[in-house]
Amino acid sequence: MPQITLPDGSQRGYAESVSVLDVARDIGPGLAKATVAGRVNGKLVDACDLITDDAELQIITPKDADGVDIIRHSCAHLLGHAVKQLYPEAQMAIGPVIEDGFYYDIRYDAGFHPEDLERIEQRMLELIDQDYDVVKRITPRYEVLQLFRERGEDYKVQLVEDMPEVEAMALYYHQEYIDMCIGPHVPNTRFLKAVKLTKLAGAYWRGDPNNEMLQRIYGTAFADRKGLKAYLALIEEAQKRDHRRIARNQDLFHLQDEAPGMVFWHPNGWRIYTVLQDYLRGRLEEHGYQEIRTPELVDRSLWERSGHWEKFREDMFTTQSENRDYAVKPMNCPCHVQVYNQGLKSYRDLPIRFSEFGNCHRNEPSGTLHGLMRVRNFVQDDAHIFCSEEALQAEVSDFLDLAFSVYSDFGFDNVAVALSTRPKERVGEDSLWDKAEAALEQALDGKGMEWTVNPGEGAFYGPKIELSMRDCLNRVWQCGTMQVDFSMPGRLGAEYVTETGDRAVPVMLHRAIFGSFERFIGVLTEHYGGNWPVWLAPTQVEVLNITDRQADYAQEIQAKLVAQGLRAQVDLRNEKVGFKIREHTMKRIPYLVVVGDQEREAQTVAVRTRTGEDLGAMSLEKLVDKLKADIALLGRQH
RNA sequence: GCCCAUGUAGCUCAGGGGUAGAGCACUUCCUUGGUAAGGAAGAGGUCCCCGGUUCAAAUCCGGGCAUGGGCUCCA
């Protein structure tokens, strides 16, 4: 005699077991029609699942976030249904829901091509129109195995074999197509009308590059067509913020075939770079860092001692001369230890914080390069802190404060924090890893911030805190990092004299805030969508004359702005003012200053913003004040 | 590195076995115009590179390289 409690607190009693759908029907036919699934005592279940005891029930409809996820998951099965009809020899692997959609990994040796995607989507739409019921059957393990073996679904068989403890599985029948899933799923294909296949990719079976590569089809789905359309429009808007596209428009940098993954900075992009570097130099100085500079080409023997030659060899560019092997530095840490090692250090000298805008090269696999986000030549805002074990906690904590203070100066408020722990390939004793991981955990907890763990993703010499941002298409890029290293100082002979006159090995912290200037500028470009805060804008003001008569006055204004330390350009071209305004507005120059006869007579300037706001005429002094006020805000307003 | 796609003028792109195309940008001239595109003329290409097929290849085929979207790996 189940007593069902609904979210509004109301209760309904039933004489015998009821399904989620029964309860929905009981409440009203509209709700019954919209029922995708249910949440019983906090657990998602199918609409057909029976409730046998007293329970709290929430009816899930397409309006719920869970409802959309269920729709997406069912779309993956629908994709399987269509694929198997069109390509019977295809073998289905896994088809999960992801952020913004779903995918299905499929073994199909002939390979899918863009035309296949269209065919498959077309067939999916036809199947949806049949409004067929999705039927769930709990099936004993041996029957499931037999069924998938008969159907030649080798991957499904493997999946079942990998969960020996499970006695029976839920099978979902899409007519003749059968998929295995924990569920829940929609009860009928009519819920799947707003679906679209989006892209085709390769993906390793079980994510292991030693395994064969499967074909992955990505798609997305929404509660209705309107939601799908809005999503597609959003993606299109996001693509306009792509840093590569903005870079072309604003003439920031370029890449070319002869130097894959290495940036040619143009004057505009380099301006941003140098402003960032000057800013960070100031912040680091405030926090007790000393800037150094170390070689980019170092003999193999140092990399052997640091462990890089063994663990990082594939990623290094190497060269040789006069029978010596060299590597172009992929990291600055071994060189920083060399600077530390010059002269005997006392515990009184610690902590020592060496910073370097270190130019590094890494031979990244060709397929991983991505605009400014993933390059082969980049400059890290690197620093290494040498300290005693006792000081470690405080140093990590101070770093986190500094990093988040820097991020807030750019208006970042959605930095993801993760702790990456010991990888399989590593140097150092496990006891040291225990200590290092614990230190980072404690520092994070001490800040009271939300963080996640990436098991096995640490650097080969130590665990790391990763501070990541998202780009315009929601891809995550690690920028800041804090890594505890108990190994390398010892390997490279770093030590200091303790209070008791003994020798001890310092702990080394590797840390970066931007990560690399390249990636950070890439992320910033997309964060601002090209609307650089005045602080960073390559050109802060463009002075426009209306006719040749004001050319001298325009140049005089520009010269006065430059004399005030502002980045001002003047556009004296023989074009109408509307044309010039359009052009510079599209280049997202923060302020446009128009000078005509009126302004020249009154010794004023007419100011317009890139958002199209007309600020009217004002004195040059007032404009300068305005600009300086904007610059003082840094990037916090955005 | 692996899978799929793409590579044509400075940019965005069309075309496609037999004189290489458009729009914007560029140059020159006319125009001196008050807040998002004034007009005319002109110049501009080894159709990514190397091979092959063919009377003939930018186009078809093979191999490279690069870029884009993913996978794996990383700041």
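Even glycines carry a Cβ here, placed using N, Cα and C.
Look at TrEMBL and you will find A:Cys333, A:His384, A:His510 tagged as Zn(2+) binding site. A:His510 (Zn(2+) binding site) carries a strand DSSP state (E or B). A 10 Å cutoff on Cβ-Cβ distances gives A:His510 (Zn(2+) binding site) a total of 23 other Cβ atoms nearby, all chains included.
If you look up TrEMBL, you'll see A:1-61 marked as domain 'TGS'. On the 0 to 100 pLDDT scale, the domain 'TGS' (A:1-61) averages 93 in this prediction.
According to TrEMBL, the feature domain 'Aminoacyl-transfer RNA synthetases class-II family profile' maps to A:242-533.
Feature annotation from TrEMBL assigns region 'Catalytic' to A:242-533.
It is A:His384 that, of the binding-site residues A:Cys333, A:His384, has its Cβ surrounded by the most other Cβ atoms within 10 Å. When DSSP labels each residue, the domain 'TGS' (A:1-61) comes out as 14 helix, 24 strand, 23 coil, counted as helix, strand and coil in that order. For the recorded Zn(2+) site, residues A:Cys333, A:His384, A:His510 set the reference point as the centre of their Cβ atoms, and the other residues of that chain within 8 Å of it by Cβ are A:Met331, A:Asn332, A:His336, A:Val337, A:Asp382, A:Ala383, A:Gln483, A:Asp485, A:Met488, A:Met508, A:Leu509, A:Arg511.
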